[in-house]
């Protein structure tokens, strides 16, 4: 049976899945090195999205001590100046008062005329202490994070689209430059809104690196490694999250903390010389000579002799090309692609809601914020290893669907164990932990699943749109959690329903394990696949046969 397709000109075409294997191998030292470099982007991705934990850590506050009362200790002043009837506990976070009693002996409470002081035992400074984001201005912390998340949304869409049009490498470099410049500006800004706008632009660039770096990892490997590498490159996110906790432990000043993270991120500017363009994208765009030069260097890096590479490359037939500039409209250009896009967007939306709602529902109960963050980052690694095993053993769709259903059962089961009924609420905690693992595995695998369902020419664009849907879902998490005040079971009930809906949506998509990556949109017109074992490895790949019925 032939594994070649016919172009419009009648010339046979070979899929990039095959030329990758024939020319440089599905995985070698070159792919390992590039994948490692791309995985390091997860460090700044984690820092940008999660650093608000340390930048805006809640702390105790009180009215500043006038000079005439400077002989009092801090504790004495707090007790002396607090308005009558108000309690204050220095051991509780975000505890303080916005007024002080009338020091002249009156019974009225007066505004803090000399400003505010803060408990700086844990953190020397934060954006809260810098701009007094208390006493009616607390929501500005949430505003800054919402604006940052909006920047990631825009970056997912904007740079995902541009990477499909102009190339992966150039967009990555642009994102690194923007992220570096405005990261430093954010650490220097003397104004709150200057800080917010700078972080917004950092987030736009961060959203671009998130999508583009992942897609490049998918495109440079083949065979069984196409499932392994995109999962493993997620690991540095948890490590970076933990490293941030270590860094914050030693750097308690928010400006120095932000500056240090930006300085480390600036090291990625070396990627101008270290990262090549995606050869798969170059070939699909008809830039054959550029793609060949990169493959020659990769083959040499992998220990393949030049003459052997030349012989193998000459055996290849032409590759499918699509030089048309992609747009979001292309995601809905055919019925098959439109259905995939809609189902994937909904799946990512529900995943975003589930993950951020359940993690906030549990809350960070640890008293030591540094230890909590460090441990929390490293705990993501086991989930990724479970995901890696299951997608290889049971496939992408089945792995995501099964854990989504497990999460739904866990969330709904928690309702039947009222809080406080059993010692330490061990049933609730156990079910919640399993549910979080399930959602984490689903999120990890859905990246790979989405990348394999979308053609190369619009892969970045589609992943960008899906990421946006996930971010929108994450923004709804606080609203869902607030339903707990109406009825404690409502958030859990909604999470269970959302996961059940996602389970059925997943069943409407095809399995991608063992299939070729689609290169152009027309590749999706072939649905029925037959397995063919490659002689050079033990991986089964799906080979489309001419004349098979459409999806």
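Cβ coordinates are placed from backbone N, Cα and C, and glycine is handled just like the others.
Taking TrEMBL as the reference, the stretch among 124-142, 257-275, 276-294 described by the feature transmembrane segment is residues 257-275. Of the listed segments 84-107, 228-251, 300-323, TrEMBL assigns transmembrane segment to 228-251. Looking at 146-163, 524-541, the stretch flagged in TrEMBL as transmembrane segment turns out to be 146-163. Touching of the transmembrane segment (257-275) and the transmembrane segment (369-391) is ruled out by the presence of fewer than three CB pairs under 8 A, sequence neighbours closer than 6 excluded.
Listed by sequence, the residues of this chain that lie at least six past the ends of the transmembrane segment (429-450) yet keep a Cβ under 8 A from its Cβ atoms are 214, 218, 226-227, 230-231, 234, 344, 347-348, 351, 354-355, 358-359, 361-362, 380, 383-384, 386-387, 390-391, 396-397, 399-400, 403-404, 406-407, 410-411, 413-414, 417, 462-463, 466, 495, 502, 509, 512. For the transmembrane segment (369-391), the residues of the chain that approach it from at least six positions outside its boundaries are 46, 50, 53-54, 57, 122, 227-228, 231-232, 234-235, 237-246, 248-249, 399, 402-403, 437, 440-441, 444-445, 448, 513, judged by C-beta separation under 8 angstroms. Most Cβ pairs under 8 A with the transmembrane segment (33-56) among the ranges 146-163, 170-188, 200-221, 400-417 are made by 200-221. Here the transmembrane segment (462-483) has Cβ contacts under 8 Å with residues 146, 149, 152-153, 156-161, 207, 210-211, 214-215, 328, 331, 341, 344-357, 360-361, 447, 450-451, 454, 490-491, 494-495 of the same chain, all six or more residues outside its ends.
Across 170-188, 200-221, 400-417, 489-509, stretch 200-221 shows the highest tally of CB pairs under 8 A with the transmembrane segment (146-163).
In terms of C-beta pairs under 8 Å, the stretch of 170-188, 228-251, 400-417 lying closest in packing to the transmembrane segment (200-221) is 170-188. Sequence-distant contacts of the transmembrane segment (400-417) (same chain, six or more residues past either end, CB-CB distance under 8 Å): 347, 354, 358, 390, 394, 425, 427-428, 431-432, 434-435, 437-439, 441-442, 445-446, 449, 489, 492-493, 495-497, 499-500, 502-503, 506-507.
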